[in-house]
Amino acid sequence: MDEVSPTKHFTSKPLLPTKTPRDKAISHYVNALNSPRNVVKTETPECGIQIIDGDGNFASTDTRERPSLKNYILSKPEFLKRGMDYNAVGILGAQSSGKSTLLNYLFNTKFRILNEVMGRSRTTHGVWMALSGKESNIVVFDLEGTDGSAREDDYSFERKTSLFSLSVCSVLMVNLWSHDVGRFQASNMSLLKTVFELNLQLFVKEETPKTLIVFVIRDREADTPFDQIERDIMEDIMRIWDTVIPPEEFINSPINRFFDFQFTSLPHYEHFYENFVEEVNLMKKKFDPKNKDTYFLPQYNKEIPADGLSCFCEQIWETIKDNKDLDLPSQREMLSRYRCTEISNQIYKEFNDSIKGEMKILKKGNIIEDFKKVFTKQIDAALERYKEVTERYMETIVEEIEEQLKKQLCGLVESLFERQAELMEKAIGKRVKGEFTIIRNEYALLYNKKEFNPMKYQKYSQELSRTKAVIERDWRKQFDDSVPKFLAEKTKEKFNSVCKDIGIAYEDSVSKMTEVMKQHFGDYLESTIKPKITPYLEACKKDMWKNIRNVINIQFTNGFNKLEEGFKTCSNMNKDTIEEEIKKSKTDILNSIKELVIKRKIELPYLLERKFNNMFRFDNKGLPRKWEPTDDVDTLYFAARDETEDILDMYCYFRIEESDDQYKFTINYRDGDLPSESIETLPKGADEEKVILNHEERKELIETLNGFFEKGYLIALREKENSEIKYQIPLYLIVLVVFFGFDEFIAILTNPLLFILTLIIGGGVYIGYKLNLGGVAKNYIQYLLSMSLSSTMEYLRTIPFFTPLIDKVWPKDDNNTEETQEEIK
């Protein structure tokens with residue numbers, strides 16, 4: 001690369017240029033500020049008062065033109081009521097740069113603005129103040145512009161007004177033209193240095209609040225990235241801060257201990273007026289204390305009581321006014337600083353241009369090989385060029401700016417490395433996820449619900465460990481080849497973070513495969529246990545839970561030995577963790593069995609009715625019971641009912657442990673007429689999680705069963721009564737029937753037709769008797785007679801003559817037929 005020539009690249013500008021770009025911008029501003037559109041569109045703008053005149057006199061007394069600051073504040077009762085609940089804002093910047101116009105648009109004030117006829121001269125003299133906001137909660141300070149020709153080289157007044165604004169303002173705006181950024185003199189960077197120094201010496205206490213400095217970049221240019229402007233300004237600020245000699249108690253304090261910085265920009269007022277107004281309205285929201293993004297944060301409030309503001313301002317101004325140590329740096333130092341800064345900026349720009357190729361590579365998402373080697377070489381070359389060009393200037397300034405340039409270059413490389421590290425981290429993360437997923441999927445194929453063999457999972461953890469070690473080795477090599485020496489310490493955390501992520505991914509893969517193995521085992525054990533306990537649930541016997549517990553204990557003993565072996569071979573779990581996981585698996589499987597029992601609640605009424613019928617309505621051979629007069633219906637009924645209700649009580653609770661058999665959820669009144677009842681409260685010592693049928697469900701089911709029991713009991717009693725009738729016919733009645741019916745008997749025997757008819761009817765009666773259908777025949781005959789009589793009466797009811805008579809002897813009864821039908825059924 002060609003040697004950088006100070007003459008070629010860093011030529012000095014004429015002292016009195018005829019037409020600079022800045023003057024052109026000023027001309028635009030003069031036209032803009034005097035445009036009719038520059039009138040603040042508001043009904044009641046706040047004009048404010050001049051609290052410090054151009055000669056430095058404070059407004060401590062009333063004059064014909066204005067009241068004193070004290071009387072002005074006293075005329076604002078709404079402001080006095082606020083106490084310390086208000087904020088103050090001021091603005092610094094070059095003369096005729098549109099500061100007053102900006103304040104007028106932002107805060108509904110009416111500060112005096114530039115008149116084109118008068119040329120670019122001072123519009124704001126000294127310091128003006130106004131109250132803004134619907135509740136007078138904002139104090140606005142408009143300061144005289146800097147670098148004006150009226151004061152020539154007398155910078156003392158500018159510095160004093162700047163220091164004054166810093167002492168009272170929560171927020172201080174610095175108004176800059178975008179084309180002045182990076183120009184030390186035009187952007188008032190030297191003034192900021194003095195402000196910082198004197199602010200520390202005069203005002204900063206341990207408890208003093210911070211000040212927020214907001215840089216407002218005016219006439220924003222589309223081809224200049226705002227982020228770059230922001231970085232340039234912050235770099236200037238940090239360079240200035242590095243040169244500030246603070247008091248001893250703040251020797252190591254960073255600038256953000258005393259100041260915060262924010263940046264915003266606005267388009268050209270004249271050329272882009274609509275955009276300007278729109279963005280100012282957006283900016284205005286930042287000055288609303290109720291907005292969550294407000295500039296007026298509590299930590300910036302100077303906490304000056306409203307009624308003491310005038311006294312405070314006067315004392316502060318007198319303190320600043322009497323200060324005698326406000327001289328500019330020496331001309332030689334200024335020249336050295338300006339030229340070294342200019343050369344540094346040029347070197348930085350060349351460096352930035354030279355690495356655009358690498359920036360494009362990273363922007364496309366590609367990793368730069370040998371990142372450390374490439375950029376270390378370029379930084380060394382840039383610093384060497386800087387030393388060659390600046391060797392004529394003050395050594396201390398050269399070294400100071402060189403250190404700042406080095407920080408800039410390293411900062412730029414650091415930002416690129418952040419992208420490089422991001423891409424490397426993304427690539428290594430993708431690799432980790434891909435390789436671990438492949439291994440996990442291979443072992444997931446071992447799943448077989450009907451079989452569980454823990455030995456198939458044995459090599460999984462070993463393969464994951466080998467893969468993890470290879471990835472960590474590759475990551476360390478790639479990282480070492482990319483990290484420049486000056487970033488070695490800063491990037492340790494990033495390296496360790498990625499290593500930690502690899503470890504987390506490894507543990508996650510082991511955990512996921514462990515979960516797969518647990519799920520495999522659970523499905524296998526459930527598929528083994530459920531078919532074996534289902535018959536016991538359907539049989540509904542008193543030893544149901546005992547048999548279920550036996551099945552579960554046997555399967556658990558055999559199965560969980562396999563699971564424990566699987567945990568030891570597949571994962572790195574310790575003994576306590578394995579025991580905990582086995583306990584969780586047992587709980588999950590028992591919950592699954594409990595769900596199986598709960599699902600059978602729907603079938604429970606049918607199972608209980610079947611149980612009752614098997615004991616009461618069927619004999620030991622499974623045939624329908626034929627009730628004889630000698631049968632003890634009550635004993636059989638109560639025995640069947642009690643056992644059925646015992647089965648119901650067993651289903652009320654998940655009796656997976658032997659101690660669970662002691663809990664009762666129903667009250668059975670043995671051998672009595674009272675129906676069973678559900679116990680409303682949970683038995684002492686019982687676990688609510690094991691309850692299968694709650695109180696309401698038990699109560700409803702008992703009511704259903706009681707109706708079923710009573711119905712079966714009544715049917716049995718009726719059948720028994722019918723069977724007793726055939727044993728109650730007297731012998732003398734049989735003799736009388738034979739004696740008086742002998743002639744009819746002979747007539748039947750001698751008449752073939754009557755004889756055959758008698759045999760048919762008699763055979764039918766005999767069969768009905770043997771089958772115990774007498775009661776059914778009796779009910780059916782009653783039904784036919786009732787239906788015939790009902791039909792006849794209803795027919796006669798339709799005849800007007802018989803209607804009154806029929807209504808008296810045969811009232812309407814719609815339920816009569818239904819009851820008869822139900823009786824027949």
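In case you wondered, yes, glycine gets a Cβ from its N, Cα and C as well.
Note that the coordinates shown come from a computational prediction; the quantities given were computed from them, not determined experimentally.
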Per Swiss-Prot, the coiled coil among 73-97, 373-397, 648-672 spans residues 373-397
Other CB atoms, at most 10 A from the CB of S97 (GTP binding site)
27
What three-state class does DSSP give G98 (GTP binding site)?
coil
Quiz question: given the binding-site residues Q95, S96, S100, which has the greatest number of C-beta atoms lying within 10 angstroms of its own C-beta?
S100
In the three-state scheme derived from DSSP, which category covers G93 (GTP binding site)?
strand
Binding-site residues compared (G93, G98) - highest count of Cβ atoms within 10 Å
G98
Cβ contacts within 10 Å for K99 (GTP binding site), all chains included, total 27
